[in-house]
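Please read the structure below before turning to the comments.
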Ligand SMILES: Nc1ncnc2c1ncn2[C@@H]1O[C@H](COP(=O)(O)OP(=O)(O)OP(=O)(O)O)[C@@H](O)[C@H]1O
Ligand SMILES: [K+]
Ligand SMILES: [Mg+2]
């Protein structure tokens, strides 16, 4: 099961975030966030007016100006603090990872022997030998041997995993340790491009780019800011025309209250925290865009075996057909499985043992092993005496037997359907042109799957189960697990076809995979989650890697993506709704300052015009740190459809966003009015 990385906020992180809040005041940095840059510019103007009042022909109260300056400064600092705090966790994680990235000595295979070289000198294509107790010097593929590897440095999971040449468990990661045996590894990355390097860059946020969604929102917020800037700048001359004198610090306070500073200050923290939540979950997202795409997914493609079911399909029974005996089915099932290293193949030999069934191992001597392939859906052996033994998916074996002029026993279909209807996988066993019987492979649906699919349905996500199994088994498991749709007898290339079909309808598709033959589909999907245990090809094609290699985790990743989008939407709604209340506080106050008779506009009953302005401004500043926990944690998430969510968000964060500041500003004013 998935492990959750622990990463608490330490006092060290808070301290360095405080320091960074000041470093980020650099206008060149601030410019990337137009909303807060305008606040910083305003802060600077008020500072100048306070320090050099003579130059500005201002009659302002210096105490008021100093107060406005300080509140504005803190507004900017609070926004910087939110971003720095969000970045802090990633930095802490990067430091831990950097410690794993030790320089080791590699045993590089060179002409005529082995040479010790520093791991930093290894290049793509180099071959190294790694033995028990040694650190694997770089990312690569096992090309010879089998070993158990401790990957806890990367996955946090202490149980060693088996890595072997060929197949789907051949990729190894630099910085992990071989705990038994010796393997030969072909290095697949050049220095600086390794998995750990990429992981460090990711969590550090070094390559963090704004996602298209963030860019769009940023443009919207910048446009709002520009509009309010023009409004406020033109307000002064218009007021002057009708003989109303508006003070510059008051206008700046008005501007800052009008522009969407709450979301402007929290936007980048929300994005970073969203990525971080995925990382806490032991999933590495290659970009923030991938995490957001997860939040927008409409269709999810899931494997049956190993994702929806436990995947340890075990032979549980040999069933003869066409008048054959159980012993004969067992015997040839065993011969076909002698060199079949898949869990299915091994389970056949185990069933022989538990049922004390015998077979003659010698017939296999000198035979040629036919490996299981997802394309052929069969495995077996071509014996030395010319006979051919196969086991595999029933329709494949039927075709194979028919091609050799054989006939199909009349009771085969009924027996096959019997197994399939119980959700089992039937494998037919044949020798030459005769089908002898069936192997009943049992698998179990993981508990809680139905609940999860119900949740996905409520989120409006369609689930499609893909399986190489026959339609009846597929239908039984699909029904038991509660997926929306299924594709049976599918070959790897069928997955791409399904993904393309869904995408052509404008849907965003997510899938998981681990094999090399999953790589094209992982690349085609909008969210491709590769298993860390899988092949390098799969990991490179995918835009996310699950370090725990739990294929059903895609469901949680989608939930995290949704939560990120929702948090951003909720806080944007809250921020804009919030500003409305500030107009009611600050605009009447501003005019009352110029024309005292206008105090009738003071519907909030605020103490004085000065205290009204300061209270609105203080509320505007402190709402940012108050919302940091929500921005970092994400809003509470209940699975429901997008339209219901939108409705709920408008009620909670829209109406809440209007009411909260009325109360907040009123309360602050009660205190502030004691001084002004
Ligand atoms: N070791 C094996 N030897 C022969 N046939 C096999 C073996 N393993 C599986 N099969 C048959 O091949 C079919 C396809 O297997 P494969 O592992 O590609 O897909 P699957 O596991 O059924 O599907 P998925 O993993 O997508 O749910 C299986 O349904 C089974 O009938
Ligand atoms: K504001
Ligand atoms: Mg499979």
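Cβ atoms here come from the backbone N, Cα and C positions, even for glycine.
As annotated by TrEMBL, active site, 4-aspartylphosphate intermediate applies to 303. When Cβ atoms from all protein chains are considered, those within 10 Å of residue 303 (active site, 4-aspartylphosphate intermediate) total 22, not counting its own. Reduced to three states, the DSSP call for residue 303 (active site, 4-aspartylphosphate intermediate) is strand.
The ATP binding site feature in TrEMBL is assigned to 340, 344, 372, 373, 374, 375, 376, 377, 378, 379, 391. If you take the C-beta of residue 391 (ATP binding site) and look for same-chain residues 6 or more apart in sequence within under 8 angstroms, you find 332, 333, 336, 337, 348, 378, 379, 380, 397, 427, 428, 429, 430, 439.
The Mg(2+) binding site annotation in TrEMBL covers 514, 518. DSSP assigns residue 514 (Mg(2+) binding site) to coil, not to a helix or a strand. Its Cβ taken as reference, residue 514 (Mg(2+) binding site) is surrounded by 26 other Cβ atoms within 10 Å in the chains shown.
Under the heading domain 'P-type ATPase A', TrEMBL lists 104-204. Taking the domain 'P-type ATPase A' (104-204) as a whole, pLDDT averages 88 in the prediction.
Summarising the annotation, TrEMBL assigns transmembrane segment to 35-56 (among others).
TrEMBL lists 62-82 (among others) with the feature transmembrane segment.
As annotated by TrEMBL, transmembrane segment applies to 215-238 (among others).
Below 8 angstroms of C-beta separation, residues 33-36, 38-39, 42, 45-46, 68, 72, 75, 78-79, 82-83, 85-87, 90, 205, 208, 210-211, 214, 217-218, 221, 224-225, 228-229, 231-232, 235-236, 288, 564, 567-568, 571-572, 574-576, 578-579, 582-583, 585-587, 590, 593, 613-614, 616-617, 620, 623-624, 627-628, 631-634 of the same chain, each at least six residues beyond the ends of the transmembrane segment (250-273), sit close to that stretch. Here TrEMBL flags 250-273 (among others) as transmembrane segment.
The transmembrane segment feature in TrEMBL is assigned to 583-604 (among others).
As annotated by TrEMBL, transmembrane segment applies to 610-630 (among others).
Panel annotation: around the transmembrane segment (650-675), residues 570-571, 573-578, 580-582, 584-585, 604-608, 611-612, 614-616, 618-619, 623 of the same chain, lying at least six beyond its termini, place a Cβ under 8 Å from a Cβ of the stretch. Taken from TrEMBL, the feature transmembrane segment applies to 650-675 (among others).
Using a Cβ-Cβ cut-off under 8 Å and counting only residues 6 or more beyond its ends in the same chain, the transmembrane segment (610-630) has close neighbours at 61, 64, 67-68, 71-72, 74-75, 78-79, 81-82, 85, 250, 253-254, 256-257, 261-262, 265-266, 269, 567, 571, 574, 578, 582, 585-586, 588-590, 593, 602, 604, 661, 664-666, 668-669, 672-673, 675-676. Taking 303, 514, 518 as the recorded positions under consideration, the smallest Cα distance to residue 374 (ATP binding site) is found for 518. Counting Cβ pairs under 8 Å to the transmembrane segment (215-238), the top-ranked stretch among 35-56, 62-82, 583-604 is 35-56.
Closest to residue 514 (Mg(2+) binding site) in space, going by CA atoms and restricting to the recorded positions 303, 340, 372, 376, is 303. Minimal Cβ crowding within 10 Å, among the binding-site residues 340, 518, is found at 340. Mapped onto three states, the DSSP output places residue 378 (ATP binding site) in strand.
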